[in-house]
Each structure stands twice: as C-alpha cells, then as structure tokens.
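Visitor: TrEMBL lists these features:
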- 1-11: compositional bias 'Basic and acidic residues' (COMPBIAS)
- 44-182: domain 'Casparian strip membrane protein' (DOMAIN)
- 1-21: region 'Disordered' (REGION)
- 50-68: transmembrane segment (TRANSMEM)
- 88-109: transmembrane segment (TRANSMEM)
- 121-146: transmembrane segment (TRANSMEM)
- 169-189: transmembrane segment (TRANSMEM)
Amino acid sequence: MEKRDTVDSGKGRSVVGGGGSSPMAMMTSIRSVGEGDMDVRSILRTAETILRLLPMALCLSALVVMLKNSQTNDFGSLSYSDLGAFRYLVHANGICAGYSLLSAVVVAVPRPSTMFRAWTFFFLDQVLTYVILGAGTVSAEVLYLANKGDTDITWSKACGSFGEFCHKATTSVVVTFAAVACYMAVSLVSSYKLFSRYDAPVTYLGDKGIQIPTFHA
C-alpha cells in the first residue's frame, strides 16, 4: 500500500501522497529540458553562422588577389582579364561571397524552420558549391597549361616569362579550393537539416506481395 502523510493546517487536514512526484517538480523538469534544447539550438545556429561566414572571407581573399594580378616585363604584359577562366573565377568568388554573407545573416536570426526554407538552403548551397568548384577547376587547368605548356595547341610555358603572375594566380586558386571545402561542409549541413525532417522509409509487404516504400514528412 502507498505510504500517505497527513499534514495539519489551520483549516483542516490534507493528505499528501508520498509515492508520486508533485506537479511543480514535473514542470520544473520539463522547463529545464526545454532550456537545454534551446541552448543546444543556439550553439548549433552559431556554429552554422560561422561556417557560412568562413567561405565569404576565403572568396574575398581569392577575389582580391586575382583582381590585383597583372605583370609587365620585357616579354609584354599579362593580366587576369586576358584569360576567361580567371575572369570567371573573380565573378564566381564575388557571387559566393555575397551569398555566404546573406545566408549567414538569415541563419543567425532565430526563426521557425520550415520545409520551404530547408529546401531553399539545400538548393542554393548545392548550386553555389558547383559554381565555385567549376571556377577553381577551370582556373587550375589554365595554370597547369601555363606551367607545362602544350605543344599540340601551341601553348607555350607562360609561367617561365610571367612567374609573378602565375604565383599570384596559384595563390588565388588554392584559396578558392579552400572555399570549395567550406561550401561542401555547408552543403552537408543543409542536406542533413532537410532530409532529417523526413522519417526513414518503411517497407512493408502489400496484399500482392509487393514491397512499397513510404515516406512521411
């Protein structure tokens, strides 16, 4: 039998069950759990904001280095604007830097997560990742040709004559690939935040022996 305590009061007697938890204790426990969840969400939001700001700094660095990349000597003059791949690199880094800043601001502001917002971040993160990856890859190929040359297409080893230009271009491309790595991490985060909203597919055996996968949003 449950042990019961009798407490005398000024107006009478009240019986308190000693075997259960009081409503106040339960409310306090629920409140502490809720505050803990809010703290975790705040930490994750801050971490994602920093992760989105990091490629902005890298893209701006690569952009500035390439914009200032030009060299003039006895062999002539050479500028980044003379090569379409490097112009594309500059434009891609500028676009990605702007998107990184905008997305970081949106993520930093606490607001309810919706399916539309999750899909938007997933789509844009994927697109920008491929944009900056393409810019880095094309520029790396041009740098390879500038260093090694290609006799089949009469492409001479330009870096032998414009070493400073190639050095700055290489620095810009390396920084761009560092930004690519950050964008890949951002894409993984947005992918997880989107697809974690769906339940795992449940396969069951139908009336006709057909396995039917079901998804629940």
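Even glycines carry a Cβ here, placed using N, Cα and C.
Heads up, TrEMBL stuff is auto-annotated, nobody curated it.
For each listed feature, how buried is it and what is near it?
Guide: Secondary structure of the domain 'Casparian strip membrane protein' (44-182) per DSSP (helix as H, G, I; strand as E, B; remaining residues coil): 112 helix, 10 strand, 17 coil.
Here the transmembrane segment (88-109) has long-range neighbours at 45-46, 48-49, 52-56, 59-60, 62-63, 66-67, 80, 121, 124-125, 128, 131-132, 134-136, 138-139, 172-173, 176, 179, 183, meaning same-chain residues at least 6 beyond its ends whose C-beta is under 8 angstroms from one of its own.
Sequence-distant contacts of the transmembrane segment (169-189), counting only residues of its own chain at least 6 positions beyond either end whose CB sits under 8 Å from a CB of the stretch, comprise 48, 51-52, 54-55, 58-59, 61-63, 65-66, 69, 80, 86, 89, 93, 96, 122, 125-126, 128-129, 132-133, 135-136, 139-140, 143, 146.
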